[in-house]
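Q: Found this in Swiss-Prot, in case it helps:
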type     : residues                                                  : note
BINDING  : ASP94, SER95, GLY96, GLY97, PHE98, ASP148, GLN191, GLY218 : substrate binding site
ACT_SITE : ASP94                                                     : active site, proton acceptor
REGION   : 249-255                                                   : region 'RNA binding'
ACT_SITE : ASP268                                                    : active site, nucleophile
REGION   : 273-277                                                   : region 'RNA binding'
BINDING  : CYS306, CYS308, CYS311, HIS337                            : Zn(2+) binding site
Amino acid sequence: MTAIRYEFIKTCKQTGARLGRVHTPHGSFDTPTFMPVGTLATVKTMSPEELKAMDSGIILSNTYHLWLRPGHEIIREAGGLHKFMNWDRAILTDSGGFQVFSLSDFRRIEEEGVHFRNHLNGDKLFLSPEKAMEIQNALGSDIMMAFDECPPFPATFEYMKKSVERTSRWAERCLKAHERPQDQGLFGIVQGGEYEELRRQSAKDLVSMDFPGYAVGGLSVGEPKDIMNRVLEFTTPLLPDNKPRYLMGVGSPDSLIDGAIRGIDMFDCVLPTRIARNGTCMTSEGRLVVKNAKFARDFGPLDPNCDCYTCKNYSRAYIRHLMKCDETFGIRLTSYHNLHFLLNLMEQVRQAIREDRLGDFREEFFEQYGFNKPNAKNF
């Protein structure tokens, strides 16, 4: 019995997007879905109860950061990550690979793994496929990610080819080192940059290993959105229909819709809480920076079309005041709103798939949000 099971429900006749449900040891969630990111075993400023009120069925935590603080052994002693953070729904943990390649100034890649420096204190560390599995097995997440190399954009074909081959070998080692396949599902990560030939090779390698789910990695690392969409168009069809598909590190509203249209089931990103901390809010009418002076006497909600806790109870003027005074409650209110906005957006996407009208929904949303305007601002 596998720990993770994907249930296909239907395909949107207008776009080919798919509606489904992922079953995990800690409950099920409908897809396509957005996963709030709780890097250090907390979604910044949010309580588990608030996330449940938004109907979040799965969140993401970070293997690299939890390995450094408080340490995976402490979390194991606490009974696993679910008990440690009082979250009884699904958790996905990444492998730590992205942080190793993005946060460390010094790193040396070899076949065994990666030597790098702790970004907190400069200590020398080593992370391998086996170590990434050991940490994630201790954390006890429902979905684990294989340890991979995530090259930046752009990278040469020659470098990316070697990287893909190494990532495939590391994926095989992850499968062998994974100690709890009946309790935790391990996803493989398809790499290959913008190169179709390499994406095909990576997908072929990983699909032959029969992971319970697959991620598309190496996107949202600086490439233009048209390249990301093109890569998804030739990569997603290479993945099994009966397994979940996860696009890593993507969370802008337009990319969530475009990813779903291209067959993606799961997304994650720090974007909604990161931009909330500087007062940037997602609304049904586009991007709103609540710190702006024009909102000082605006006593309406952040988004008149939103029914979240923030919008039902507090005004733009009040939230602006809190943000200008560096009050934590202001960050809580904007974070709550942004997370609710994306989770609600995904429910609208699922409903549009049910009604076979996701293409129409995309056009309506892009027009209302302002993505169709020349030089439209993104996040």
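The backbone N, Cα and C atoms fix where each Cβ goes, and this holds for glycine too.
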Q: To the nearest whole angstrom, state the Cα distance for the pair HIS337 (Zn(2+) binding site) and the residue listed as 'active site, nucleophile'.
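A: So the alpha carbons of HIS337 (Zn(2+) binding site) and the residue listed as 'active site, nucleophile' sit roughly 17 Å from each other.
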Q: Take the region 'RNA binding' (249-255) and find every residue of the same chain, 6 or more past its ends, with a Cβ under 8 Å from one of its Cβ atoms.
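A: Distal contacts: 34, 98, 219-221, 225, 228, 267-272, 282, 341-342, 345, 365-366, 369, 371, 378-379.
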Q: Can you tell me how many other Cβ atoms are located within 10 Å of the Cβ belonging to CYS308 (Zn(2+) binding site)?
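A: Excluding its own Cβ, the number within 10 Å is 21.
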Q: Enumerate the residues of the same chain, CYS306, CYS308, CYS311, HIS337 excluded, that satisfy the criterion Cβ within 8 A of the mean position of the Cβ atoms of the recorded Zn(2+) site; list them in sequence order.
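A: What remains near the Cβ centre is PRO301, LEU302, ASP303, ASP307, TYR309, THR310, LYS312, TYR336, HIS340, PHE341.
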Q: Out of CYS306, CYS311, which of these binding-site residues shows the lowest number of other CB atoms within 10 Å of its CB?
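A: So among CYS306, CYS311, the binding-site residues given, the one with the fewest Cβ atoms within 10 Å is CYS306.
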Q: Would you mind checking how many other C-beta atoms are within 10 angstroms of the C-beta on SER95 (substrate binding site)?
A: 30
Q: Secondary structure at CYS306 (Zn(2+) binding site) (DSSP, helix/strand/coil)?
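A: The three-state answer is coil.
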Q: Within its own chain, what residues at least 6 apart in sequence put their Cβ under 8 Å from the Cβ of GLN191 (substrate binding site), listed in sequence order?
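A: In sequence order, ASP148, GLU149, CYS150, PRO151, MET160, SER163, VAL164, THR167, LEU198, ARG199, SER202, GLY217, GLY218 meet the Cβ cut-off.
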Q: Compute the centroid of the Cβ atoms of ASP94, SER95, GLY96, GLY97, PHE98, ASP148, GLN191, GLY218, then list the same-chain residues not in that set whose Cβ lies within 8 Å of it, in sequence order, for the substrate site.
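A: Counting only non-site residues, the set is PHE101, MET145, ALA146, PHE147, GLU149, CYS150, ILE189, GLY217, MET248.
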Q: Restricting to the chain of ASP268 (active site, nucleophile) and a gap of 6 or more, list residues whose Cβ falls under 8 Å of its Cβ, or answer none.
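A: Counting only residues 6 or more apart in sequence, the Cβ neighbours of ASP268 (active site, nucleophile) under 8 Å are PHE34, MET35, PRO36, VAL37, LEU60, LEU92, TYR246, MET248, GLY249, VAL250, GLY251.
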Q: Say you check the Cα of SER95 (substrate binding site) against those of the binding-site residues CYS306, CYS308, CYS311; which is nearest?
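A: Ranked by Cα distance from SER95 (substrate binding site), first place goes to CYS308.
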Q: Note the mean pLDDT of the region 'RNA binding' (273-277), expressed as a whole number.
A: 98
Q: Under a three-state reading of DSSP, tell me whether ASP94 (substrate binding site) is helix, strand or coil.
A: strand
Q: DSSP says what for the region 'RNA binding' (273-277): how many helix, strand, coil residues?
A: 4 helix, 0 strand, 1 coil
Q: Can you check which residues sit near GLY97 (substrate binding site), meaning Cβ under 8 Å from its Cβ, same chain, 6 or more apart in sequence, and list them in order?
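A: VAL114, LEU127, ALA132, MET145, PHE147, ASP148, GLU149, CYS150 - these are the non-local Cβ neighbours of GLY97 (substrate binding site), listed in sequence order.
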